[in-house]
Amino acid sequence: MEKRKEIDFVNILLCVLVMLIHILSRSVASLDKASIQYLTVLIPSRLASFVVQGFIFLSGMKYFMKYSDKEFKYLTFISSRVRSILLPYILWNVIYYLALIPLGYFKFSITELLKYIVMGNMISHFYFVVVIMQFYVLMPIWFKLFKSIDERLLLILSFILMIGFGQYIAAGFNYNDRIFIKYIFYWIAGCAVGRHINEFFVFINTHRNKIIFLYAAIALIDCIGTYNNNTKGYVVGLENIHIAYCISAIIFVFTVCGKLKEHVDKPILGMINRQSYNIYLSHCLLLYYCDGFMKVCGIYSVRDILLFRLCLCYVVTFAVWGMYDAQTIRNRT
């Protein structure tokens, strides 16, 4: 499989954006919704909110690229995913749980901890791991579907299934976002693109300006709809607008990252790419302690809190994992 730097750059961007969402989350929750400050944090938070869908798309793409010219061995694949995805996830659940007990978030209970691990609801973004592992467990089914059914039909059916499940069948189920069907279109789309990766990049390069314009238009509609929904009341069809936004955003970032791909080998970006999963799992712990520190110090200004969270989360997280990455590289040589 030919290595595509565009894919690495998209992975880096998604990692940085998921951190941004969590950095901004406190301001989005606490600011007066009628204020201009609220709007200035809501917009970047909303624009970044395609990251889970993007990671799912990216994962499907990578594996269908990888196994396009390589034999797929299920047990080898699953054992690899358990070691590299599931075990670090379990470890970080334990770390968060023990680290947040002194801050008063939990009282120690093995049963409670196990429930958090299974449900992926201890920390806001952990549910992604529960979802992506479902896709991995079902990997033979995806290969079989693409061999037996026209992929255009698969895309249509998966889109209908995703809408039907999320908005009708499981609309009242609190944990519907932990079930893979909620995101099945993004996975199927990623798999389809992985089968035709060269054609995909030709398409986005050919239609670059149209993609950028379409993304900007849908992003504007989604942001306006979200702001009105949060300030004036329910906006009909907002979920479908956001689905359209997520699809356009995924295509857009590949379009933009194609122009930036040569920068992916820079040390800081290479580190983020290699350590993206560790960064994804760990960065929120710093934000919890950051909030506790500011409370002790009497820092209550929303602006100061945001700046402190922004600087501390990015700088410390990248510094820690940068040192770990450097040590890992040294150990291999």
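From the backbone N, Cα and C atoms, a Cβ is placed for every residue, glycine too.
As annotated by TrEMBL, domain 'Acyltransferase 3' applies to 5-321. Per TrEMBL, transmembrane segment is recorded for 7-25, 45-65, 86-106, 126-146, 153-171, 183-204, 211-228, 240-258, 279-301, 307-324.
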TODO: Could you pull out which residues elsewhere in the chain have a CB under 8 Å from any CB of the transmembrane segment (240-258), counting only those six or more residues past its ends?
DONE: 6, 9-10, 13-14, 47, 49-50, 53-54, 57, 162-163, 167, 186, 189, 200-201, 204-205, 208, 211-212, 214-215, 218-219, 221-222, 225-226
Task: Same-chain residues near the transmembrane segment (126-146), Cβ under 8 Å, at least 6 residues beyond its ends - done: 52, 55-56, 59-60, 63-64, 67, 72, 74, 77-78, 81, 85-86, 89, 93, 116, 118-120, 154, 177-180, 182-183, 187-188, 191-192, 195, 280-281
Task: Dominant neighbour of the transmembrane segment (45-65) in 7-25, 86-106, 183-204, 307-324, by Cβ pairs under 8 Å - done: 183-204
